[in-house]
Amino acid sequence: MQDEHRRAIQNNFASLVEQTDLDHMVSTLYEKGVFSEQMIEPYKDLTKDARSRKRLLYRDITRRGPDAFRNLLDALSDAGYWDLVRDLDPNSSLHTRRTKISAPSTSMANENDYVSISTEKKKTKPRVDVNKNDSTPIAKDTTDLNMVPQYNVIKSSKFFEDGEDIKLYNTRGHKRGIIVVFSYIEFVNNIETYRKGVDVDCQKLKYLFSEMGFRVISYENLTRDETVTTLENLKKVIVGVECVFIVVSSHGYERKYSSDTDIRCKDGQLITIYEIIDYFNNKNFPALHGIPKVFIFQLCRGSNVEYIDGPIRFVSPDDPSPPAERDGNPMTDTGRFSQDTPRTPLNKRNRLFSDILIAHSTLPGNVSYRDPEEGSWYIQTLCEVFAARAHDCHVDKLFTLVDQHLHERFHIQTSSVDKWGFNKRLYLHPGLYQD
């Protein structure tokens, strides 16, 4: 390996260890011939934690010959780690990849503003499961770069300033934000239907937020215990960022006599929306006090289908897409976390929840639709709006535009937004940084 490539790995060593999925990287590098079957045995040693094994992997790869660096870049690209590829290789085409350059516009991007590339996948050797029986869940990135629609994410040309009455959250630094995606696609013993199209949602979100300067982490098909462990461990991962996005996609179920919603995990157990948000309150995650936290829930919240005439179909001028699917069925539980009565002096109290915006793909009691080929209606629309308008709109307005265009395109689904002490404006300023 060339010295400059070795230095690039060393300079980005912490990011490689923190952001990548060991299972994917070992399997892909094995498939590309960087490591032999015997050489990958240390990375499968479950007596050591995943972080230690990843550190060993990236130390070893610097000694694996002249083609190892190129194969590493290919493996990272295959998984959607485009920000890492750009950091490692200043000459990467990912620095300049665009579908079409256009001047900033006040109108929303349409289907012509991105290009879907071939979805044909390479034939590979069977994956090496290095995390089997490992109790510590790690980020799971299975993005195929060739399946990603390349939105033209318009970059900001100026910073917005505080208003007289409403201030702005600070988003001018290089650690702009982090997005953590939890997607639940298949479930044990087929207790729920396979959620076809969710992988497309994940790919779109990863591309969009990577282009906007966010660090992207995703987890797929976690059990309830793994989900809880991951939420607890995010305190070690989300450090020093200016804003946080949490996306959860699964089957959802209405909780009768409650505004909460149950979410299905891989093992069939349930976790609620409020349980997830609770991990990010000012008591449980004090480092994020004052930091904007945006939650996006792509799931059903009941069984109401709103008014339709005939079967639900994906709305497209070309038609022949399959019928849309739903993300859940009704449940009848009434649980809700509770808070003790405050006992501390009034002047020493502070709010438990603040700086939180919660975006739902549908209204309480209603279903949320997903196209098996194009992904969920809501995430499709969200990605298009954010790509076209995040450069000149704050997040509140972006979600208003999302609902407007969701109605214009699909007609029957209504999204909603709740704000818990989200009292400043959040501009994402994609591509713009203050020195």
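Cβ atoms here come from the backbone N, Cα and C positions, even for glycine.
Record features, source TrEMBL:
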| type | residues | note |
| --- | --- | --- |
| ACT_SITE | His251 | active site |
| ACT_SITE | Cys300 | active site |
| COMPBIAS | 331-344 | compositional bias 'Polar residues' |
| DOMAIN | 1-78 | domain 'CARD' |
| DOMAIN | 175-304 | domain 'Caspase family p20' |
| DOMAIN | 354-410 | domain 'Caspase family p10' |
| REGION | 112-136 | region 'Disordered' |
| REGION | 313-346 | region 'Disordered' |
Go through His251, Cys300, our active-site residues, and report the one whose Cβ sees the most other Cβ atoms within 10 Å.
Cys300
Of the residues in the domain 'Caspase family p20' (175-304), how many are helix, strand and coil by DSSP?
40 helix, 39 strand, 51 coil
Round to the nearest Å and give the CA-to-CA distance linking Cys300 (active site) with His251 (active site).
6
Per DSSP, what is the residue count of the domain 'CARD' (1-78) in each of helix, strand and coil?
53 helix, 0 strand, 25 coil
Secondary structure composition of the domain 'Caspase family p10' (354-410) [DSSP: H/G/I, E/B, coil]:
29 helix, 12 strand, 16 coil
